[in-house]
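Notes follow the structure.
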Amino acid sequence: MKATIILLLLAQVSWAGPFQQRGLFDFMLEDEASGIGPEVPDDRDFEPSLGPVCPFRCQCHLRVVQCSDLGLDKVPKDLPPDTTLLDLQNNKITEIKDGDFKNLKNLHALILVNNKISKVSPGAFTPLVKLERLYLSKNQLKELPEKMPKTLQELRAHENEITKVRKVTFNGLNQMIVIELGTNPLKSSGIENGAFQGMKKLSYIRIADTNITSIPQGLPPSLTELHLDGNKISRVDAASLKGLNNLAKLGLSFNSISAVDNGSLANTPHLRELHLDNNKLTRVPGGLAEHKYIQVVYLHNNNISVVGSSDFCPPGHNTKKASYSGVSLFSNPVQYWEIQPSTFRCVYVRSAIQLGNYK
């Protein structure tokens, strides 16, 4: 049984929608394929000892300390110094204080999901010089913690009370790859321009189900996935996507978008998936026919009444354009018999096209 648990811990992560924490090792089953895998600790990092004492009521095994679901109101004392994963989720902790994690210089993952944390002392995470994953979701934070470890690769803080994202918060976090800030009362004015810009390895941002009305400015060119679903964005202009040359997936479903300005998609030359379903679009966004790599376009549940024969595919048979594997246009006013058959001439599998079912 123990061997099975450790194998789960060391499994490669995968992504499948918003992060849902349900147990100790579910933190490895993460959104949308970040590609981050936990490092196997090198036994040479630790000196032989008789073994530290496990905190009361917690479970300790192979440098994993599980103290979840115990009703704790503070971080346990005397945590084993060789701990690499500390699970404190589903407790009643209200504050993270300086010294709570002292001597945990080998900690790689810290799970604080579903507590009542409203305050984190500025130096609380300073001793964690090897921390790569920090999970703070489902708490009561109004701002992100200060002075997070420079080794951090993944930060998840959805379902808090965060209203501000400051640029200084991410200063020096050059190893960051994944940031999840969904389901917070964030407004566009609360995100400083260029707040994410300095993180040169950042590839995934999710700010879904908030109150932002525009795409954040100054996003890093390293981004490959941007998920802004369930917000109050009304328009996509060319400037908002400028410089996102590596973006492969853009999620803008369930907003109030009525227009995508001409030239916007040209700023994302490697885009493969575009999710614009459940918005207020009246026409197919311009630039799809010229886009070389795009393969999936979701436009269902909009107000599109006309689809032109050149909206999706270039003239003739342009072999340089990737074939679509998914185009959804159902639940729009346009009738399927009003669409010319040649409209989807660059779609080689007809089952990839979804039409009809408009009420």
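Just so it is clear, glycine is given a Cβ too, placed from its N, Cα and C backbone atoms.
Ser34 is the residue among Ser34, Ser214, Ser323 that Swiss-Prot labels O-linked glycosylation site.
Of all Cβ atoms in the protein chains displayed, 18 besides its own lie within 10 Å of the Cβ of Cys60 (disulfide bond).
Within the set of recorded positions Cys58, Asn211, Asn303, Cys313, Cys346, the entry lying nearest in space to Asn262 (N-linked glycosylation site) is Cys313 (CA atoms). Mean model confidence for the repeat 'LRR 12' (335-359) is a pLDDT of 85. If you draw a 10 Å sphere around the CB of Cys54 (disulfide bond), it holds 18 other CB atoms from the protein chains shown. Non-local neighbourhood of Cys67 (disulfide bond): Pro55, Arg57, Cys58, Gln59, Pro76, Leu86, Asp87, Leu88, Asn91, each in the same chain, at least six residues away, with C-beta under 8 Å from its C-beta.
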